[in-house]
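Undergrad: Got a structure for you, questions after.
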Amino acid sequence: MDVGSRPPASLPPRLLSSIKAERDVSAMSSGMKMLLLGVTLLLLRAAGADLSGSAAPHPGPVLSSPSAPPLGPPPGAPGVALSRSAVEEEQEAEEHHGGGYRVVQWEWSYVQTPYIIAIWLLVASVAKILFHFSQRFTTVVPESCMLILLGLVLGGIVLIASKKQLYQLDPSLFFLFLLPTIVGDAGYFMPARLFFDNLGSILTYAVVGTLWNAFCTGFSLYAAKLLGVIDERVQAELMDFLLFGALISAVDPVAVLAVFEEVHVNEMLFIIVFGESLVNDAVTVVLYKVYISFVEVGPGNVQTADYFKGVASFLIVSIGGTLVGLVFAVILGFITRFTKKVRIIEPLFVFLMVYLAYLTAELFSLSAILSMTFCGIGANKYVEANISQKSRTTVKYTMKTLASIAETIIFIFLGISAVDKSKWAWDTGLVSCTLVFIFVFRAVGVVGQTWVLNRFRLVPLDKIDQVVMSYGGLRGAVAFALVVLLDGEQVKAKDYFVATTIVVVFFTVMFQVGAALLKILVSSHVMKPLLNRVSVCSQAFDHILTAVEDIAGLQGYHHWRDKWEQFDKNYLSKLLLRKSVYRKSELWEAYQKINIRDAISVIDQGGNVLTSARLSLPSMASRASFPEVTNVTNYLRENGSGVCLDLQVIDNVPGSKVEEDMETHHVLAGNLYKPRKRYQSHYSRHFMPLGEKERQDREVFQRNMRSRMETFKSTRHKRHKKERSLKKVNILSDLTCCCSVSDPVVVPVEPEEDKADHSDPEKEEDVGITFVARKAETPKQRPKSVPAALDVCQSPPPHTPSPPAADSHLPWKGSVGAPPPCVSVEATKIIPVDLQQAWNQSISSLESISSPPAPAEPVHPRVSALSRLGGPRPLSYTGPTAGGSPSAGPPLPQASFSFPERKKKQQVEEEEEEEEPGASQEMQPLMSPLRLPGRRNPCVYLRSLVTTPPGGSSEPHSHRPTQL
Amino acid sequence: MGSRASTLLREEEIEEIKKETGFSHSQITRLYSRFTSLDKGENGTLSREDFQRIPELAINPLGDRIINAFFPEGEDQVNFKGFMRTLAHFRPIEDNEKNKNLPASEPLNSRTNKLLFAFRLYDLDRDNKISRDELLQVLEKVDVEQKMSIRFLH
């Protein structure tokens, strides 16, 4: 039962910490049992190390699980059967047979390992949530401290329950799984520029500082031993102490990351301490190995050559590790260059290659941490450029998640391990001496090195920096894992070392960092967020400095960086970057980014899009104008037969209810965003659907810009407003009403046309809401517009080029007697493609001719109302040829020259606005020039309407207003 | 002068330069030898062509700009003193200098002077204003050449 004592031979000794606690558990009260069961599960080896089937044959310490009596027999240990060893399975099989067929079976042994891992992660995560419930609490106590405390509590519970620590941090688990996740995250997101800018300092602290710490601590401890401060029981020689010094002296990346990120030290300080903690891995590994071999050989047999071998080993381990990392970085970059078709596995490549870099380095016993770090640093630039935005996000979040959870586990395990008394032996002398020496030497080392470094550094490290650095020299899980790895046979004092390491780790993490002093120091110091990007400005500075270095003939840092950048640009990037990325301008990227951010921020602010002005204006206007419209109708009725067709339309002017609906529709269509699709029409394992979010961002941006344009324009034309007469206001309100009536007519047509005629992705906008209007409007208007259109397509060429302005402005409603001048989709399509352009040109020329003149003579108010009714509106849309408008207007070949046309249109529009300031101003909110192609359709539609009246057949009527 | 190389740099000249620019003696002599090596015409002054001969500068997007900065307005020759004066802008500010407070003349490497120097790099027509076009020119130049450098986002 007590498997730990008789492990299967195949198990590596360090896996023996696996535990089965059920025996004792079963003796306890059932309530307690439940609790303990949970705890026990947690403590069972959490991660992959267990997958090998680390378990011993398990006689079946039947925990008659109180929670699940009906769950069938308690075969092979409902509690914790550790694996499905052959014996166990046999047993199980027998029992199953014996019991006959069971409806429900207790398959704990089957799911055990992943189950425990999952539970473990769950508890760790929940613990994190709980810690962060209280803001004030977490600002006072670092999270890592809380996790260690939690670990202590959990460990204590288990200890009470089983009289024996069941689990402690397993070195192989730590080094193969937990550490790489943290280092990988750190390396990949390392601010490379900052790292290399401070490389000199980092290397100094990492190499010189660590060596200094290791030797001083080792020798001092030995001296303390000789002086009798350390108890006699600690059987350790000089070599043992040096070994211990080596492993205890290294600053630990896990702890540094955990604590420094939490307290937000300034970026330079962070990168120096963190970089040190990464790079000193090589030093620690080498020292550790060298000492181990020395201890094995025996100090007496060490020859001078061995010391040199040690130095050589250091170089090989560090440089070799770096090279392995860089090689993998290149491979990774190269692979991601070709993942365009399989975007979905891009993140996987990143994780795999980075992890492989770590494992490969470990394979050759090189510095794995260095390897992984440099793989991350090196590949980041190319990978980030190659992979899609989504993959980038995936990589980022996955790495952060993994690192965070690994860190949590490490700290909890540290706490748990500390409780196991059997693993360590206490010696006050050793512990206190170590603590004192570590802090003293760290402080001395930092001050000394900083003093030297400050003579070379452009930005000197000031006193507070030094204090933080001395304080921040955190020892952590790496040291602990290393000390656990020690061979108790050779290092007699291992247990003492373990105890000391635990204390040191706890002390450094909890007291040092939790110290209010550090908090105060740091908070009063600098809290700049990590600045990872290189702005255009700093690029300019780089170039300036490089140029000056070149002129001065110095082969300095900037010179070499420039050389590297040239090399990178000429060779590496060509090799590792996609062609499309390679050519992409950075400025463009930045511009895009800024735009998107802008758009999002506007939306976050609640959007000035939905202003009260826009909401109220149309509806008020239309309400006021309703009687006006009727007047117009009457007027039209009185005047000639040509109106008939139009009269239908006007008679059909919907009731106020419908009108309100339409207003609502417009407001909504103008301000709401396209509904998100809930369902994907198809599912593919290999491709991600097009980003809903991206589309939304774009939409947000476009709307934002549009509304800005509107406000800009309306302010611009405010002055004109005052010049207008009251009458005009009325007319305008008519106008608005009409707009609101007619606008939706066109809209419904858009979607189909959009898709049919244009490939422009943006055209897909406004599919959703616009359909609302269709019900209300389409039926009335469509039929009428079709015949009109037919007319149009034939009439334009023979246009008389000088119709009075008022006439030319007459829209479908206003064009008295004009045989239905509307253009419909179907109609315009009839125009041959090659003629289209000519037609457009003729229209635009007409436009320019017709627009300037205004009705000179005083007109009958109604007539002017009439003319204005149509006039301004089409004009504001005089997109010559309404380029790019897909729907109602001449929809055919314009897509190609749509953009210039739009510009032109704006120009024309501006001219018009000078002429009809009020009108256009009122128009703005409803139809701004910036509308998306889809939304611009109305203009096209109307535009063709405008141009029609002058057409031959309509001429007699069109002149009428002026004659009046 | 060039042919006589650095030997011609007299002590009092060095002292003078030292005072003005804050460079150390050894720095001055080293830069002087650089100066003479750049001075192909061997006439004690550098012309624009001399600068343009530096291969690294040719590929530097801001190279022309920097070279311009070495030449006072209207001149196309720069002597060693002017050379040093320009370079002095790039000398780091040291702590003891910060406290010294020289009211008489601000050192060339003061914050203000550095900013002024950077400003002049953008101010092409030297009207003490950076026009939109000037800014665009500089930025464009940087970015066209820099198309490749993808920043480390996040």
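Backbone N, Cα and C define each Cβ position, glycine as well.
Annotations per TrEMBL:
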REGION    A:55-94  region 'Disordered'
COMPBIAS  A:67-77  compositional bias 'Pro residues'
TRANSMEM  A:115-133  transmembrane segment
DOMAIN    A:122-512  domain 'Cation/H+ exchanger transmembrane'
TRANSMEM  A:140-161  transmembrane segment
TRANSMEM  A:173-190  transmembrane segment
TRANSMEM  A:202-221  transmembrane segment
TRANSMEM  A:241-260  transmembrane segment
TRANSMEM  A:269-291  transmembrane segment
TRANSMEM  A:311-336  transmembrane segment
TRANSMEM  A:348-379  transmembrane segment
TRANSMEM  A:399-418  transmembrane segment
TRANSMEM  A:430-448  transmembrane segment
TRANSMEM  A:468-486  transmembrane segment
TRANSMEM  A:498-522  transmembrane segment
REGION    A:773-823  region 'Disordered'
COMPBIAS  A:795-804  compositional bias 'Pro residues'
REGION    A:844-964  region 'Disordered'
COMPBIAS  A:878-887  compositional bias 'Low complexity'
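A description of the local structural setting of each listed feature is requested, covering burial, neighbours and distances.
TA: Long-range contacts of the transmembrane segment (A:173-190) within its own chain (CB-CB distance under 8 A, at least 6 residues past either end) are made by residues 45-49, 253-254, 257, 271, 274, 278, 350-351, 354-355, 358-359, 362, 368-369, 372-377, 379-380, 395-396, 399-400, 402-403, 405-407, 409-410, 477-478, 481.
Only residues 6 or more beyond the boundaries of the transmembrane segment (A:202-221), in the same chain, are considered here, and those with a CB under 8 A from a CB of the stretch are 195, 230, 238, 241-246, 248-251, 271-273, 275-280, 282-284, 287, 430, 433-434, 437-438, 441-442, 445-446, 449, 452-453, 469, 473.
Packing against the transmembrane segment (A:269-291) from elsewhere in the chain are residues 183, 186-187, 190-191, 194-195, 198-199, 201-203, 205-207, 209-211, 214, 239, 242-243, 246-247, 249-253, 255-257, 260-261, 306, 309-310, 313-314, 317-318, 321, 365, 367-370, 373, 461, 465, 468-469, 472-474, 478, 482, 526, 530: each is 6 or more residues past its ends and has a CB under 8 Å from a CB in it.
Sequence-distant neighbours of the transmembrane segment (A:468-486) (same chain, 6+ residues past either end, Cβ-Cβ under 8 Å): 14, 168-169, 171, 174-175, 178-179, 205, 213, 243-244, 247-248, 250-256, 258-260, 265, 269, 272-273, 277, 281, 284, 288, 410-411, 413-414, 417, 423, 438-439, 442-443, 446-447, 450, 461, 494, 497-498, 501-502, 504-505, 508-509, 512-513, 515, 517-518, 521-522, 525.
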Undergrad: What parts of the chain pack near the transmembrane segment (A:348-379), using Cβ distances under 8 Å and only residues at least 6 beyond its ends?
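TA: Beyond its ends, the transmembrane segment (A:348-379) has Cβ neighbours at 175-176, 179-180, 183-184, 186-190, 192, 195, 253, 278-279, 281-282, 285, 289, 316-318, 320-322, 324-333, 335-336, 339, 387, 391, 395, 398-399.
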Undergrad: Which residues of the same chain, at least 6 past either end of the transmembrane segment (A:399-418), have a Cβ under 8 Å from a Cβ in it?
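TA: For the transmembrane segment (A:399-418), the nonlocal Cβ contacts are 43, 46-47, 120-121, 124-125, 127-128, 144, 147-155, 158, 165, 167-169, 174, 177-179, 181-182, 184-186, 188-189, 254, 257-258, 351, 476-477, 480, 484, 502, 505-506, 509.
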